[in-house]
């Protein structure tokens with residue numbers, strides 16, 4: 001029987017989407033300005049739509065191809081249901097829909113922010129953050145709505161809406177993994193493709209416009225200008241949105257998988273007010289309440305004074321953020337107390353079954369909420385304007401580009417020290433509190449305020465665009481000053497947002513990794529087996545090569561752009577005098593095509609390697625799927641560890657270089673002399689920033705997708721590796737199902753059911769154990785015996 | 001009873017050292033030139049001695065401190081013997097001695113090479129390579145002599161020179177690990193300190209000399225010139241020598257440890273012509289023969305024509321190299337056949353005991369020899385003059401320093417792809433052939449020709465110095481042309497040598513890692529335990545932070561040098577006119593002090609972290625040393641995987657940038673135009689090279705030491721983690737030692753001895769199993785029962 005609790009997340013999601021719709025209507029009602037402003041804004045909007053259209057076309061092919069592959073898998077592997085294809089398609093669709101809504105509102109909000117900035121700073125903030133809120137709630141609302149709805153459907157389809165066994169629930173969750181895989185696949189296109197797009201347009205516009213033609217940035221005579229502005233939205237809005245959408249869904253899914261195994265460890269079923277699936281519902285419910293608290297948080301983001309500075313704007317964002325985090329903390333406490341059994345049993349590898357009180361699960365969520373905040377602060381320390389590491393890079397610029405680059409690289413590298421130590425402590429801590437279920441719930445708690453995080457994050461590129469429009473439309477200086485304040489805050493939130501994104505990706509991957517191990521039923525991943533160790537090495541290499549490919553892609557795509565801009569300068573008469581009209585659309589098209597073309601190779605690398613490892617393992621160890629599963633696990637661990645390191649390194653180095661360069665705008669003291677833009681030191685800093693651009697906007701953020709997608713593919717492949725088939729209780733036709741029961745005293749019994757099944761083509765006798773009160777065990781054994789499906793094979 | 005075979009490696013080592021002595025006398029007998037040449041050469045020699053002296057002073061303190069720490073450990077841990085301290089001191093001493101001899105001969109050979117180049121190119125090659133040969137044979141001879149002698153002494157001390165049991169041999173090898181630890185500690189100073197020294201002097205000399213004072217490179221008026229030339233010897237000769245000395249010793253040691261466990265897997269003893277320790281002696285013997293074949297190889301390196309080009313010189317080196325590798329291959333076949341039982345039993349984790357024929361061990365050595373060669377070729381492809389990746393960097397230089405840097409980074413990153421795949425295949429392959437013993441023997445075979453590799457390697461910096469002396473002494477142009485040919489070949493061998501060094505470090509670390517796991521007696525390393533996974537993350541971070549620290553150190557040390565040179569330019573009258581005499585010694589001193597000061601922090605990081613993890617583990621899991629051992633193992637794996645990646649990335653990026661810059665000397669075609677030195681593109685390439693310098697000469701090569709030292713420290717710590725105590729058969733006082741014997745037929749029996757012992761403070765009943773012929777088993781059981789030590793504890 002369903003508990004009403006199962007529908008609570010859906011209700012929250014719908015509230016979130018309703019609020020989003022109201023906010024959206026409000027934003028669209030704002031004055032969109034006139035004349036040149038509107039014209040430029042329309043170009044950006046159309047460019048963004050053009051990218052989305054091209055992306056959707058490619059996506060359609062991809063989704064069809066992947067669906068066929070998944071369908072084939074579902075035919076080969078008896079425990080994988082064809083419904084996984086439906087889940088996959090919907091996951092992809094929901095993620096694309098969220099991205100679409102986000103991009104549209106962001107490109108509509110920018111010009112309205114510019115217009116609002118003509119009135120006052122508080123109004124500009126309200127509009128810009130309103131746009132961000134629409135984006136955030138859209139992503140979070142659709143994610144929770146989609147995931148929860150699908151779960152309920154599958155729960156009814158496979159289990160009739162009533163708890164039967166961990167094995168049946170595993171089939172539900174394995175099918176649900178398709179939804180997550182779909183969402184993350186879109187993220188691959190949006191984040192990697194978007195990252196290439198934004199930098200290709202940026203670099204291409206600069207190389208010909210600024211360097212060759214000598215016209216300033218954001219000049220409407222440059223045909224690549226619009227593509228550049230579209231890029232901000234494609235990369236920073238749609239890319240980040242898809243990234244967090246994917247993390248959000250994957251985290252909740254992994255926590256549900258591990259919740260299912262908590263129930264298993266407790267003897268196969270529990271009695272609670274939620275139909276016996278409290279530990280599975282909990283992560284969804286936390287996500288639901290997180291949407292509610294994010295709404296409250298967004299409502300607190302406002303300033304009163306028109307003379308407010310960066311610190312007040314940042315303060316307003318912080319208040320909203322901390323309130324939503326604080327409320328989530330309280331909700332975690334209440335929900336954990338309410339929804340979980342007071343004491344649970346959890347299996348700790350090598351330490352056996354332990355009694356875990358529900359309070360310990362709450363502590364794990366505290367760890368998750370704390371980590372999100374701390375990592376953001378650490379990121380800010382290494383990349384913020386005026387911080388010690390950034391000022392050190394500024395100083396090193398005086399001796400040339402070489403020393404500036406070395407200093408930036410070293411800063412990014414050293415920033416891994418505190419970040420990784422915090423991760424390690426978080427993994428260890430949340431695991432010590434409540435096993436891998438604790439790790440997954442730490443991630444869930446952290447992701448609960450995704451809507452708020454995204455609102456803060458999307459507000460940055462919106463303000464950036466607003467400033468660009470102000471500049472291009474030659475509005476009064478005070479307008480630009482106001483948007484600059486918002487933009488400057490946006491730069492900080494962009495850096496901390498990247499910290500949040502990588503922290504979430506890391507914890508999500510670990511939770512998926514844990515779900516993978518439990519799905520395959522292996523005894524852990526022993527890197528003292530040489531094939532596993534070899535795969536750990538290979539996994540470690542992938543993020544490095546992926547990053548290099550992404551960086552090279554930016555270079556190649558930028559060259560396409562350069563050639564197109566050169567062509568237009570030559571062929572369109574009067575273009576440089578401002579009388580001829582540049583073909584903005586052509587540049588958008590070039591950038592779009594190049595981005596989607598160039599993301600192919602990294603994409604194939606990401607998807608192909610796990611599959612290649614499974615094939616290799618199956619070929620070499622045809623009689624030992626468990627070893628193949630361990631090899632794939634070693635690969636996943638290698639990708640995750642190395643990917644997290646390279647993400648931190650690249651994001652922070654890039655962020656630090658960027659702000660080191662920006663420091664020259666206000667002037668910096670080097671060796672006792674004030675140094676400004678245009679100095680030799682500034683030129684050195686510009687070189688550093690050029691290196692940092694693909695680091696922080698393309699290859700660095702792509703790592704998030706790489707590690708999550710790798711672990712998700714592992715999870716989807718898991719059933720092929722057989723371990724799971726052992727658990728479902730498929731007995732052979734004609735084989736007796738034998739039950740051995742031992743009543744220990746009046747109230748406790750233990751039973752073992754043995755049956756023959758097929759594992760990797762061989763007949764194997766399997767056992768299933770039940771423990772509990774005598775009556776319970778008897779009932780379970782009966783249910784099991786009745787439920788055993790008889791295979792057609794002889 | 002000893003077999004004579006045990007003394008064979010010593011004899012080979014002595015032959016090697018004798019040959020070295022003869023070669024040394026020959027080199028020293030060569031004409032050392034006159035006038036300015038001699039003066040400059042003397043300065044370099046004295047500068048090198050000054051560095052060595054300062055290094056030895058610091059080393060003395062370090063060795064005393066580390067010895068005390070080791071002595072304390074040997075008091076706390078009953079199975080660690082105080083003799084480990086003696087082994088440690090001797091290991092450090094032998095490595096330092098080898099470094100000393102190498103540095104001295106290199107700094108004596110340089111001017112003699114210059115002088116020989118006045119006569120002919122063949123003669124110059126003969127002298128330069130003669131110096132390299134002395135270096136190579138000194139390192140290899142001392143390594144084998146020291147390790148083998150110590151092994152024999154300990155074998156007699158602990159076991160009376162007769163095989164008793166794996167447990168007793170474990171104590172011998174654990175003590176011998178002290179020798180390896182001593183050697184690797186020196187490598188830390190030589191490689192990391194040397195790496196900082198060489199780049200600090202280089203950068204410091206350039207920044208003030210070239211940039212500020214406008215005098216050319218290698219100009220004797222620059223006070224830092226001598227330090228710069230000393231740096232080449234300190235970094236490339238002594239650093240590389242100590243690195244390979246350490247790898248050589250550690251590899252052989254690890255193979256011996258694993259050989260001991262092969263004997264254990266075969267029932268605790270074997271009958272062979274080598275006193276029952278054939279599998280343990282084999283790696284030492286291969287090393288011994290390797291010295292002999294290296295001598296033969298070096299004798300083949302010669303050219304006839306005075307008009308020879310780079311390709312002929314390279315060809316001569318190749319012939320020598322391939323002949324020595326080929327002979328080693330043959331020796332491996334013969335020795336494996338001769339020294340190993342025809343069929344062995346080896347335990348494969350998760351797959352049980354397997355029968356392994358000795359031929360499979362031979363195949364593993366083939367894998368090792370092949371990997372060494374292939375990795376060198378791959379390195380050459382990514383870094384060599386005129387190769388596709390290097391030319392791509394050259395092309396990217398036309399759009400500025402930023403794109404040049406990105407291209408270089410991307411090249412280094414992509415180069416991890418084939419390299420890691422080859423490693424993974426080598427690990428998997430050699431393990432599939434003969435377990436971790438196979439991995440260790442692959443490494444041993446690869447390292448067997450260390451003398452030859454080092455001869456080729458040291459020949460480079462000698463030729464480089466010879467060219468510098470020719471320049472500074474204003475010798476005729478043909479002299480410089482001849483040394484340039486040698487120098488150019490030396491650049492190639494430097495790159496391939498780095499490939500060899502990292503390949504050897506990687507395989508050595510894996511062998512040590514395997515030895516660690518067997519020493520601690522854990523069931524492998526399961527990264528599905530969160531604390532272990534957390535340590536995998538932490539381990540992965542260490543190489544990144546270590547690299548950053550080393551890079552920053554170069555910057556700081558270079559600034560010290562800059563200040564000193566500025567001071568001399570200001571205070572010494574007539575220095576820039578060539579009438580005042582620069583104080584070269586001061587610069588050497590500054591560089592020396594800075595290098596040794598700056599290597600402290602990375603050193604502490606390397607040594608401190610494993611110890612901190614053990615302390616942390618002991619505190620948190622006081623009742624579970626096995627988990628702590630797994631955590632340390634996870635850390636070791638993280639350091640190794642990440643360290644190998646960062647070594648490849650940094651070495652190859654640095655090498656590629658260097659040659660991209662060098663390409664401009666002969667001119668390159670960019671966008672259809674020939675471009676030369678002094679162009680904007682060249683300046684961009686110089687910036688790339690500045691970034692690459694610390695990459696390829698400081699942080700990149702340091703990774704080798706970091707990963708080996710980490711694994712060695714783990715190995716030395718292993719006995720503290722208790723697993724080992726279980727294996728030694730320490731029965732409790734008053735407890736019966738029970739024997740259960742089963743005679744299976746006339747000729748085969750199996751016995752189990754059970755006894756009580758203390759593990760982690762708890763009484764545990766342990767079993768020891770014997771199999772073999774009935775008589776053998778009886779004898780072994782008796783020996784074991786007699787040998788059981790009765791603990792004083794109640």
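Note: Cβ is positioned from N, Cα and C throughout, glycine not excepted.
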From A:39-57, A:58-76, the residue range that TrEMBL assigns the feature transmembrane segment: A:58-76
Range annotated as transmembrane segment in TrEMBL, from A:683-704, A:705-726, A:727-748: A:705-726
A:275-299, A:400-424, A:425-449 - the range that TrEMBL marks as transmembrane segment: A:275-299
Of A:500-519, A:560-579, A:660-679, the range TrEMBL labels transmembrane segment: A:500-519
Local Cβ density at residue A:494 (site 'Determinant of potassium dependence') - other Cβ atoms counted within 10 Å: 22
Result, the transmembrane segment (A:319-340) in contact with the transmembrane segment (A:531-551) (3+ CB pairs under 8 Å): no
Intrachain neighbours beyond the transmembrane segment (A:127-159), with Cβ under 8 angstroms and 6 or more residues off its ends: 6-7, 9-10, 12-14, 16-17, 19-20, 23-24, 26-27, 30, 81, 83, 87, 90-91, 94-95, 97-98, 101-102, 105-106, 108-110, 112-113, 116, 168-169, 171-172, 175-176, 179-180, 183, 237, 241, 244-245, 248-249, 252-253, 256, 284, 287-288, 290-291, 294-295, 298, 301, 317, 450-459, 462-463, 466, 486
Cβ contacts under 8 Å made by the transmembrane segment (A:632-649) with residues that lie 6+ beyond its boundaries: 412-413, 415-416, 419-420, 423, 502, 505-506, 509-510, 513, 516-517, 520, 522, 525, 527, 531-544, 547, 609-610, 613-614, 617, 699-701, 703-704, 706-707, 710-711, 714, 717, 721
